[in-house]
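**Student:** Sending over a structure as structure tokens; questions will come in a sec.
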Amino acid sequence: MTSEPLKVAVTGAAGQIGYSLLFRLASGALGDRPIELRLLEIEPALKSLEGVVMELDDCAFPTLAGVEIGADAEKIFDGVNLALLVGARPRGPGMERGDLLSANGAIFTAQGKALNAVAADDVRIGVTGNPANTNALIAMTNAPDIPRERFSALTRLDHNRAISQLAAKTGAKVTDIKKMTIWGNHSATQYPDLFHAEVNGQNAAEAVGDQAWLENDFIPTVAKRGAAIIEARGSSSAASAASATIDAARDWLHGSAADDWVSMAVVSHGEYDVPEGLISSFPVTTSGGDWSIVEGLEIDEFSRARIDASTAELADERNAVTELGLI
Ligand SMILES: NC(=O)c1ccc[n+]([C@@H]2O[C@H](COP(=O)([O-])OP(=O)(O)OC[C@H]3O[C@@H](n4cnc5c(N)ncnc54)[C@H](O)[C@@H]3O)[C@@H](O)[C@H]2O)c1
Ligand SMILES: O=C(O)C[C@H](O)C(=O)O
């Protein structure tokens with residue numbers, strides 16, 4: 001195994017999510033391999049980022065091999081093995097994530113181009129900044145030399161939220177819950193699926209045995225959790241988003257558990273009739289740095305309608321960013 005540091009870029013590093021994410025990355029959340037952080041920010045935020053770097057230094061983390069900061073994407077992304085694209089404006093109260101398309105889309109055009117030019121051959125790119133799926137699509141389209149399968153958008157937070165809600169409902173431990181799936185967009189149309197999930201080996205929908213709860217409580221609670229947090233905190237989820245960003249990156253690099261799968265928004269090749277080329281959330285397993293969509297699940301009418309609604313929204317977002325000239 002190489003002891004060369006893993007070069008990890010984080011954008012928006014001086015933001016809320018960055019303030020949690022950087023310390024977890026630096027303290028070994030991705031494993032024992034030393035890590036070199038490459039932190040990208042806009043010029044006005046660099047001073048604040050310098051303060052965060054002082055704090056990173058002060059932690060004396062054994063796994064932190066170096067930190068570089070800057071506002072030039074081509075310098076910061078040079079040779080990176082993992083790029084976590086967090087930097088983007090968050091939504092405020094009353095906004096939908098799709099409202100951020102034009103505000104944030106341009107960031108991902110430029111960053112996709114920069115990654116295409118200078119990232120390491122083995123780069124993996126995880127997009128957390130909203131609207132995450134379509135931002136990942138923009139970055140992917142602007143990076144034609146990087147395989148499309150190296151891009152993903154974060155739906156792991158939704159996945160974790162769904163596990164937590166189901167555990168609370170059934171009295172099970174979160175570790176007793178397997179095979180959770182989030183389908184579609186990281187938005188209010190997402191579909192958290194209990195029909196393929198398991199609680200202690202039992203089908204989750206059967207274990208719950210309460211279709212009204214599933215439809216009127218579970219699905220909307222998970223899908224609208226981001227808005228509930230904005231309403232309560234006055235700003236969007238940060239520590240939980242950082243934690244999910246790490247869960248997703250760790251499983252992508254090191255592999256998912258043998259008896260389980262995870263949710264990742266990845267490029268569709270037409271699986272489950274999701275239109276080709278969209279970045280949509282699927283059940284995936286990961287191994288050796290690659291993901292594969294779990295195939296062969298039976299999709300009933302209830303699930304079909306919800307997957308179709310969310311992927312229709314993704315197709316609309318793709319049309320919108322095409323019209324904006326971003327892809
Ligand atoms: N996918 C998810 O599950 C999920 C969860 C929570 C938040 N988010 C999203 O993550 C994003 C960041 O959230 P936050 O709370 O950290 O926001 P924040 O406003 O606290 O931080 C964003 C940071 O990005 C920086 N930035 C802006 N443009 C940039 C650019 N071109 N290059 C580099 N940095 C840039 C800003 O200066 C700022 O420091 C938002 O879009 C938010 O909606 C996604
Ligand atoms: O909801 C938001 O805008 C923030 C984030 O995407 C979340 O799900 O918490």
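Glycine too: its Cβ is placed from the backbone N, Cα and C atoms.
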**Student:** Which of these, Asn130, Asn200, Asn203, does TrEMBL say binds substrate at the same site as Arg91, Arg97, Arg161?
**Tutor:** Asn130
**Student:** Of Ala14, Gly129, Arg161, His186, listed as recorded positions, which ones have a Cβ less than 6 Å away from ligand 1?
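**Tutor:** Close enough to ligand 1 are Ala14, Gly129, His186.
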**Student:** Listed binding-site residues are Gly12, Gly18, Arg91, Arg161; which sit with C-beta under 6 angstroms of ligand 2?
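**Tutor:** Listed by sequence, the hits are Arg91.
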**Student:** Within 10 angstroms of the C-beta of Arg91 (substrate binding site), what count of other C-beta atoms is obtained when all protein chains are considered?
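**Tutor:** Here the count is 20.
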**Student:** Out of Gln16, Gln111, Asn130, which of these binding-site residues shows the lowest number of other CB atoms within 10 Å of its CB?
**Tutor:** Gln16
**Student:** Where does Gln16 (NAD(+) binding site) sit in DSSP terms: helix, strand, or coil?
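**Tutor:** The three-state answer is helix.
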**Student:** Could you put numbers on the helix, strand and coil content of the domain 'Lactate/malate dehydrogenase N-terminal' (7-148), residue by residue per DSSP?
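**Tutor:** Tallying H, G and I as helix, E and B as strand, the rest coil: 65 helix, 26 strand, 51 coil.
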**Student:** Report, in whole Å, the straight Cα-to-Cα distance of Arg97 (substrate binding site) from Gly129 (NAD(+) binding site).
**Tutor:** 10
